[in-house]
Amino acid sequence: MEPVQYSYEDFARLPTTVFWIMGYDMLGVPKTRSRRILYWIYRFLCLASHGVCVGVMVFRMVEAKTIDNVSLIMRYATLVTYIINSDTKFATVLQRSAIQSLNSKLAELYPKTTLDRIYHRVNDHYWTKSFVYLVIIYIGSSIMVVIGPIITSIIAYFTHNVFTYMHCYPYFLYDPEKDPVWIYISIYALEWLHSTQMVISNIGADIWLLYFQVQINLHFRGIIRSLADHKPSVKHDQEDRKFIAKIVDKQVHLVSLQNDLNGIFGKSLLLSLLTTAAVICTVAVYTLIQGPTLEGFTYVIFIGTSVMQVYLVCYYGQQVLDLSGEVAHAVYNHDFHDASIAYKRYLLIIIIRAQQPVELNAMGYLSISLDTFKQLMSVSYRVITMLMQMIQ
């Protein structure tokens with residue numbers, strides 16, 4: 001029995017669901033009035049909490065009275081870089097009209113019939129379990145960073161009969177001897193909503209980027225497979241020319257879609273990659289300074305998922321680069337000897353267009369590929385080593 005072939009809506013479910021966690025509805029799904037109001041209130045609370053936390057953090061940095069050791073300096077450096085990274089990605093996904101437009105174009109192009117979906121092997125391009133687990137682990141490790149302090153406080157209460165009132169971020173100062181408990185609860189609520197805004201913006205934007213890139217890659221593979229399977233002949237030249245004309249049009253359309261994708265995500269992609277590398281560096285150094293603690297353990301998991309996050313963006317960027325070039329190879333290997341001159345002219349058009357590689361790029365000039373990932377990790381390692389030497 002053939003497995004059920006995934007629809008376009010099935011692909012969209014993961015990125016849409018992730019953004020729902022912070023109350024942001026990317027595709028404008030119809031909702032009841034009461035549900036719309038609840039979403040709006042929750043969205044407002046996340047943004048307001050984020051604004052308050054960033055404001056307090058900036059105040060503490062300007063005041064500079066409470067940042068009195070290397071560990072705190074690295075903690076603040078981590079927070080600043082992560083906020084820049086997350087806010088950059090959030091600004092990107094605010095281009096909702098452009099994202100919805102690209103989504104509609106790809107939905108129209110998606111294989112409609114079951115046989116067509118089988119031919120394009122859509123199920124092979126669906127979100128793998130390992131990717132879904134990566135997203136869950138990333139969000140889970142981020143949650144642990146936030147709730148870790150209160151867990152530590154609860155453990156201290158049961159082991160030493162003292163609740164230590166620890167919380168996540170160092171820029172909120174709480175004195176249990178002077179301040180009422182409701183302030184502690186308010187601080188934790190602010191930190192939770194602030195973290196939700198940052199974490200979901202960070203991972204969610206990349207999932208939308210990968211979602212669109214996977215769809216474009218799927219269609220490039222479809223072109224390559226179609227060329228490999230088709231055998232033209234002068235005996236059915238009319239049908240052959242219709243076939244190859246569709247391939248030419250689809251190639252042009254895919255280039256246009258990739259340009260749309262770069263137009264949405266490319267402007268912020270360079271800054272996102274640089275700040276992600278900075279986050280990895282500062283978190284790694286902070287974790288090494290702190291030593292083996294619950295916080296350190298959750299940060300190690302966070303670093304691992306952040307590295308994988310960058311790797312996947314570069315991996316799919318490499319894929320579209322390779323696949324767009326493989327279209328020309330598919331034409332070279334195409335059995336066109338019995339085809340008409342007109343058919344061969346179409347093939348020449350495809351080859352000429354394939355000479356200009358289609359790529360995921362940052363700001364129009366930096367191609368995102370596995371080489372980018374290697375360079376980024378190499379620089380990150382050198383920065384971590386340099387920072388540790390400076391501290392020691």
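Using the three backbone atoms N, Cα and C, a Cβ is placed for every residue, glycine included.
Taken from Swiss-Prot, the feature topological domain 'Cytoplasmic' applies to 1-36 (among others). Long-range contacts of the topological domain 'Cytoplasmic' (1-36) within its own chain (CB-CB distance under 8 A, at least 6 residues past either end) are made by residues 42-43, 46, 93, 96, 99-100, 103, 106-107, 110, 114, 117-118, 122-123, 126-127, 132, 135, 139, 196-197, 200-201, 203-204, 207-208, 211, 214-215.
Marked as transmembrane segment by Swiss-Prot on the basis of sequence analysis: 37-57 (among others).
As a summary of secondary structure, the topological domain 'Extracellular' (58-69) carries 6 helix, 0 strand, 6 coil according to DSSP. According to Swiss-Prot, the feature topological domain 'Extracellular' maps to 58-69 (among others).
According to Swiss-Prot, the feature N-linked glycosylation site maps to Asn69, an assignment based on sequence analysis. On its own chain, Asn69 (N-linked glycosylation site) has no residue at least 6 apart in sequence with a Cβ closer than 8 Å to its own Cβ.
Per Swiss-Prot, transmembrane segment is recorded for 70-90 (among others). Away from its own ends, the transmembrane segment (70-90) comes close to residues 54, 57, 60-61, 169-171, 197-199, 201-202, 204-206, 268, 271-272, 275-276, 278-279, 282-283, 285-286, 289-290, 387, 391 of its chain (Cβ-Cβ under 8 Å, at least six residues beyond either end).
The DSSP breakdown of the topological domain 'Cytoplasmic' (91-130), given as helix, strand and coil counts, is 30 helix, 0 strand, 10 coil. Annotation source Swiss-Prot lists topological domain 'Cytoplasmic' at 91-130 (among others), citing sequence analysis.
With a threshold of 8 Å between CB atoms, the same-chain residues lying at least 6 positions outside the transmembrane segment (131-151) that come near it are 14, 18, 21, 166-168, 188, 191-192, 195, 199-200, 203, 207, 294-295, 298-299, 301-302, 305-306, 308-309, 312. The annotation transmembrane segment is assigned in Swiss-Prot to 131-151 (among others).
Within the chain carrying the topological domain 'Extracellular' (152-179), a Cβ under 8 angstroms from the stretch's Cβ atoms is held by residues 53, 56-57, 59-60, 66, 72, 75-76, 79, 145-146, 187-188, 190-191, 194-195, 294, all 6 or more beyond its ends. The topological domain 'Extracellular' feature in Swiss-Prot is assigned to 152-179 (among others).
The feature transmembrane segment is assigned by Swiss-Prot to 180-200 (among others), with sequence analysis given as support.
Here Swiss-Prot flags 201-268 (among others) as topological domain 'Cytoplasmic', drawing on sequence analysis.
The feature transmembrane segment is assigned by Swiss-Prot to 269-289 (among others).
Taken from Swiss-Prot, the feature topological domain 'Extracellular' applies to 290-295 (among others), supported by sequence analysis.
Residues or ranges marked as transmembrane segment by Swiss-Prot on the basis of sequence analysis: 296-316 (among others).
Residues annotated as topological domain 'Cytoplasmic' in Swiss-Prot, with sequence analysis given as evidence: 317-363 (among others).
Nonlocal intrachain contacts for the transmembrane segment (364-384), taken as residues 6+ away from its ends with a CB within less than 8 angstroms of a stretch CB, comprise 262, 266, 269-270, 273, 277, 280-281, 284-285, 307, 310-311, 313-315, 317-318, 321. Residues or ranges marked as transmembrane segment by Swiss-Prot on the basis of sequence analysis: 364-384 (among others).
Annotation comment: Swiss-Prot describes 385-392 (among others) as topological domain 'Extracellular'. Each residue in the topological domain 'Extracellular' (385-392) has a pLDDT score, and their mean in this model is 75.
Applying DSSP to the topological domain 'Extracellular' (152-179) sorts its residues as follows: 9 helix, 0 strand, 19 coil. Across the topological domain 'Cytoplasmic' (201-268), DSSP helix (H, G, I), strand (E, B) and coil residues number 64 helix, 0 strand, 4 coil.
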